[in-house]
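Reading through the structure tokens given below for one structure.
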Amino acid sequence: MDLDNHAKKRKDKRKLNEVNELEENSHKKSSSTLKREVEREVGDGAPAENELEPTKIVTPEKCNMGPSGLYLKIEIDVILMVLLVIAFWTRLYNLEEPRYIVFDELHYGRYVSLYTKGVFFFDAHPPLGKQLLYLAGRIGGYNGNFTFDRIGSPYSESVPIRALRMIPAMSGSLLVGVSYQLMLEISMYQWTAILAAVLVLFENCFLAQSRFMLLESIQILFGLCGIYCVIKSTYKNGTAAFVWLCIGAISLGCCFSVKYSGIYTYYLALFLVGRQMWRRVGHDESSLRLALSVCWRLLVLIALPLTVYIGVFYAHLTMLPKAGPHDSVMTSAFQASLQGGLASITRGQPLHVSHGSQITLRHSHGRTCWLHSHAHVYPVRYTDGRGSSHQQQVTCYSFKDVNNWWIVKRPDQASLAVTNPPDTIRHGDVVQLLHGITSRALNSHDVAAPVSPQSQEVSCYIDYNVSMPAQNLWRVEIVNRDSDDSTWDSIRSLVRLIHMDSGSALRFSGRQLPSWGFHQHEVVADKVVTHQDTIWNVEEHRYTKAEDRRERERELVSAEMIPTAATQLTFWAKFMELQYKMIAHAADAPTGHMFASEPTEWPLLARSIAYWLSPHSNAQIHLIGNLVTWYAASLSVLFYSGLLALYAVRQRRTCNDLPPQASQKFYNAGRGGKRACGSSDGT
């Protein structure tokens, strides 16, 4: 028994020694392997002897090896540097030539001058691009005193031409580099990126627009930067994805804050991120994690561009506190809030509209015009054979004029003089409106309007004694009233005038009258009383003092055509009004001039756009596309789309023409990413 136990102990001891020996040999082998790997990493790159596996073994000891400290790793893309040098040379060389106003420098130069003087102006596009031009001019020492009168006028010595053209030139130069980087992201071949950058570098349109005080190169640069950053965010994880998407969102906000056409680039970014999230729906991922990823991306893509857009307009309104030549586009309240505008002359004039008030009624939305009448009458018959009332014309006139004055009258009072205290008009009161110069009452009846026959004609009543009695009573409805007892106030009260007999509202139809109406705009009575074109406000306002008609006429003729009282509008009130005016504004672009081309001429490059013609020589500047670039790009898109459709159909029929790796490259090139866009972001 003792012998058996002794043998068993010796056997166990021998096994233990064998295990220890194996562990020691294994440790020595690992240390030797690790030593060879370290030597190979710091050596000349040759493989170690007897190396069987190419994969490196990473151990904690290896991660901790080497001296500690800070390291700065710099990589320089020589090709990118060469492209940028050429781009800057082609865009910046001799930038101050020609020393003449070229094309739309006429408009943007005026805006820069108005920014310099703090004078309000109106434009149909957001102001960021114009603000950047102003900043460049301010750095260059521009004083804003040059008159941008016409295309081709020479610049004076006081205008820093190079500084004003610098921002577009810099943007056009950087556009080449961004195009190169963007193509590297969506393509796996550097030669493809080089080709794209070279095409942008030598594109005639980009070159011409980059060398002058224009906004296109600025907008395109912001747009491409935004798309580049959004694409990078779609395959980054965690904080990197968030940072890249934030930078992209800010760039996209800047893009459509230069011109509204940049909104289409923003839509493309939404599509790219939406596609990324859609791909992640099919992954094995928790619903909460996916919902959080969607929410923070959506928040970034909405909040940051919107913040940029609102901030640009805040700066715009802050920089332009003074009244200017474009004030008439805005409402009376907006005008009265500007320094030196309406309020500077109307200080102390009455606020409440009363019986005997002399007023002008301004159309409050869309086109700027004032309720107007004159001694001329509607024609007996219109060109379509319809008959009219042949009464005095009522129109909406786009200019200040003595015939814009009306007198508010209580129907039961004969005197037009304002009583003491004044008989204030309130919401729901019924009044008559007498035309100030002709003393005829505003009227409507069951006669078709001249240009809008579905609505009633509005006229000033003339008693022809033909069994057509006057229907000249109107009920005042204050749209923005605080209570049903609100007073009708000048400038700030928005009112509808409801015809008592028909229930129709006085409305600006937006249509132009023929030559017999002096091409002024039509005013009708419309059954749709809630339409925005039925809203008016009192702009000019004064009290009638004289009973004699001739004396009243002298008062009206001598009255200053300026509204009544100072107003204080919040930024948000101004911002919202400006947005509406920009949307409703229709620029009257001239047609048929030497600087124009038609869309039908663009695909074939049949005609260029003349930017500038020298008055002293044959020097000219024209905008026309590069034939190679335009046709190569257009044909490439068509060719790729055809192949995409072909491969999609054949793949549907289980015909795999391309190996998996080549197929992935092909689809990635068209969808804007070189990697799978469904990677987890760690949030």
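Note: Cβ is positioned from N, Cα and C throughout, glycine not excepted.
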Can you dig out which of the ranges 214-235, 456-477 TrEMBL describes as transmembrane segment?
-> 214-235
Tally of helix, strand and coil residues over the domain 'MIR' (350-411) according to DSSP?
-> 3 helix, 30 strand, 29 coil
Beyond the flanks of the transmembrane segment (294-317) by 6 or more, those residues with Cβ under 8 Å of it | 126-128, 131, 242, 245-246, 249-250, 252-254, 256-257, 266, 269-270, 273, 277, 571, 574-575, 578, 683
